[in-house]
Amino acid sequence: MRRCAVLHRLRCKFYVFVVSLFVVVKLVYLKISMDNSIYIEPYGVTRRSLKPQPLDGINCTAIYDLEPVEIGKSLEMRRKKIVEVDDGRIASFTADCKSYIEQRRYNEVLVTDEECNFPIAYSLVVHKNSAMVERILRAIYAPQNIYCIHYDQKSTKDFIAAMKNLESCFPNVFIASKIESVQYAHITRLKADLNCLSDLLSSEVKWKYVINLCGQDFPLKSNYELVTELRKLNGANMLETSRPSKVKKQRFQFRYQLKDVSYEYQKMPVKTSIAKDPPPHNIEMFVGSAYFVLSRDFVTYVMNNQLAKDFLQWSVDTYSPDEHFWASMARVPGVPGELARSEPDVSDLKSRTRLVKWNYLEERLYPKCTGTHRRSVCIYGAAELRWLLEDGHWFANKFDPKVDPVIIKCLEEKLEEKQLQQCLRRVS
């Protein structure tokens, strides 16, 4: 009996020792993990963000000047685990509109009279990472502009809550009245933009041009610069529109069906053997990208003209219709801002709508990517700051704070500097 009691006490002590050892090891692991992590947070989201941040020590002017020591700092940060605020925290942060607006300094945005008289509309089709969406909104925000946000039916509750909070905090930000379940390369992606365009036309803001963005875009121009460039268009549209290759023609010469797939996208259009009829109204097919800068008159035409409606219906079972719908409509004779069919191709380099760096064209058409690649597209790194700002494009894709938080911070800083300088210059 005594022997059993001794064994029981030994077992208890051993159990306590093992549990204590596990807790110590876990705490050491957490400390090492935290020491090797960088937290990217808008000011005031959590208590941690009230303390000095690693990014505070980055000199963006030195990054712009490609000073080796400062570029080295950014590379050192990228070796660490980069942690961004989750959607729940952003939803909580944006729930108190007064505090949120003050801490993110929306109330300090400066604009000129020229900008006030030239409002811009935005269609933001997003589905995740509310922290990045908020940073995009802050970078393009001006009180005279108007912003439509289309989230995805599949987005998380916290993400949707954060988007709805943004709507609540600003009179010129709203959620699209109709929300799609967006599928990759499917008509739903095009419809998401069309839903926003319809709502934007119904708004009281008499915007001149509309620009569409996704959650991995970022501006390269200040609002003042955008207004200056948009005025130069003089009613024309700006987007890619080129004659399709044989491979691209396959996208609309055959019918596609949305099917379950075993990889990343889960569902996507799959080609069938059923040939499609030619497009209605003898529309000549051109291809481009999903990105556009469109005049109000052109959008009004697309939303109301039977030709455009018929073409949209014809495009329903094509592959990635957003990449040929706009490119083809821009060439239709008689549309506002028409680009004649006989005019040369407008490539992504000629159109200033979006700067995308493809890995197979690097070191031929543009410098090598200093970030990383995802599906052949460069996710920009800090060393590309100067090139991005001097290239001449208006927006770029792709950015990811978990890949390189420095490039986004420095773009924010440089664009704010430019807007301030331009406003002060107009006043003086």
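Placement of Cβ uses the backbone N, Cα and C atoms for every residue, glycine included.
As the structure is a computational prediction, the values presented were derived from the model and not from experiment.
Marked as topological domain 'Cytoplasmic' by Swiss-Prot on the basis of sequence analysis: 1-12. Annotation source Swiss-Prot lists transmembrane segment at 13-30. Positions annotated as topological domain 'Lumenal' by Swiss-Prot, on the basis of sequence analysis: 31-428. Feature annotation from Swiss-Prot assigns N-linked glycosylation site to ASN59; the stated evidence is sequence analysis. Residues or ranges marked as disulfide bond by Swiss-Prot on the basis of similarity to another entry: CYS60-CYS214, CYS148-CYS369, CYS169-CYS196, CYS378-CYS410.
DSSP assigns CYS148 (disulfide bond) to a strand segment in the three-state reduction. It is 6 Å from the Cα atom of CYS378 (disulfide bond) to that of CYS369 (disulfide bond).
Neighbour counts were taken as the number of other C-beta atoms within 10 angstroms of each residue's C-beta; across the disulfide-bonded residues CYS60, CYS196, CYS378, the minimum falls on CYS60. DSSP classifies CYS196 (disulfide bond) as helix under the three-state reduction. In this view, CYS169 (disulfide bond) is surrounded by 17 other Cβ atoms within 10 Å of its Cβ, with every protein chain counted. Cβ neighbour count for CYS214 (disulfide bond): 20 (other Cβ atoms within 10 Å of its Cβ, all protein chains included). Proximity to CYS410 (disulfide bond), defined by a C-alpha to C-alpha distance within 10 angstroms, is shown by the following recorded positions from ASN59, CYS60, CYS148, CYS169, CYS196, CYS369: ASN59, CYS60. Of all the recorded positions given, namely ASN59, CYS60, CYS214, CYS369, none has its Cα within 10 Å of the Cα of CYS196 (disulfide bond).
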